[in-house]
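Before we start, here is the structure in question, set down as C-alpha cells.
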Amino acid sequence: MDTTDMKITIGHLYPDLLNLYGDRGNIACMMKRCQWRGIEAETIEFNTGDEIDFCGLDIVLLGGGSDREQAIVCQNLLKIQKQFQEYVEDNGVVIAVCGGYQLLGRYYKTDDGMIEGLNLVDIYTEQEEGRLIDNIVLQSELADMPIVGFENHGGRTYINGNKPFGKVLYGSGNDGKSGYEGVVYKNVIGTYLHGPLLPKNPQICDYLIQRALERKYGPMTLLPLDDSQEQEANEYIYRRFVKE
Ligand code: GLN
C-alpha cells in the first residue's frame, strides 16, 4: 500500500502538566518522520479536563512530570481509565515516559502518599532513597542500535513478569538492581528515558509509527530515511559510556 494515502493521529496527553525535559520533542520527531515519508501526521493536545476520544487516536504520548504534577494528573486519568484500557487492549500504540510510565501501573507510592495509577500494565512504582540520575544506554529487542537517553527518577518500578524495554548496559534502569529498563506490553512502551527519547533513537520512533500504521492499514514497510547523523551521535554515546 502506498504510504502517501496514510494518516497518523497522535494524542498528546496533558502537556500542560506532563512535559519535563522536552518530552514534546518526541511529538516533533514522530510528526517529521511521518511527513518525510509523505504520511500525513496530526497531533491533538489534550490538557487536563479535556474530553478524549481514543477511537480517533493512533499513538498516545504520556510525558514525564514531578510528583506534584503526577498527583494532579492522576485525578484526570482515573476518569478516562476505561477508554484508555480499551485502546491499549485493542493494540493502540502508547509511549509513556518517566512520570507517564509510572502512571501506567497500579500505583506510585511516594513519601507523601499514594498516587493511584491507570492500571493498564501490571507494574508498580515505589519511591526509594536517592534519585537515579545519569545517562543511560540499553540494548533492546526493538532496535538494532543501542538505545541512549537520560534518566532522573526517585521512583523504582517493578515490572513483575512483564517484558522490559531493554537490558541496561550503562545506568540504573527500572530499579537500579534488576539490570532492566522500562516495560513493553502489547503496543505500549513505558520507559524512564527522557531526552527526548525518539530523536535520539529513530528506530524506536519508526517502531511506534509502523505499529500504529499496521494496526490501521495492515502489514507494510516504512521507507528508510537517512539516519547517518543520529547513528553517529548514538555511536558517540555508546563509546563514551559503554565501550571505554
Ligand atoms: N516524579 C517521578 C520520580 O521522580 C518522575 C519524574 C520524572 O518524570 N522525571 O520518580
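Cβ coordinates come from backbone N, Cα and C, glycine included.
Just so you know, TrEMBL annotations are computer predictions that nobody has curated.
So TrEMBL lists the following for this protein:
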ACT_SITE  CYS98  active site, nucleophile
ACT_SITE  HIS194  active site
BINDING   ARG131  substrate binding site
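Please go over these features one by one and say how buried each is and what sits next to it.
Every protein chain shown contributes to the tally, and the Cβ of CYS98 (active site, nucleophile) ends up with 28 other Cβ atoms within 10 Å.
The DSSP secondary structure for HIS194 (active site) is strand. Long-range Cβ proximity for HIS194 (active site), meaning a same-chain Cβ under 8 A and a gap of 6 or more residues, is found for LEU20, TYR21, GLY22, ASP23, GLY64, VAL97, CYS98, GLY149, PHE150, GLU151, ASN152.
Secondary structure from DSSP puts ARG131 (substrate binding site) in a beta strand.
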Applying a 10 Å Cβ distance cut-off over all chains shown, what neighbour count does ARG131 (substrate binding site) have?
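Taking all protein chains shown, ARG131 (substrate binding site) has 13 Cβ neighbours within 10 Å.
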According to DSSP, does CYS98 (active site, nucleophile) fall in a helix, a strand, or coil?
coil
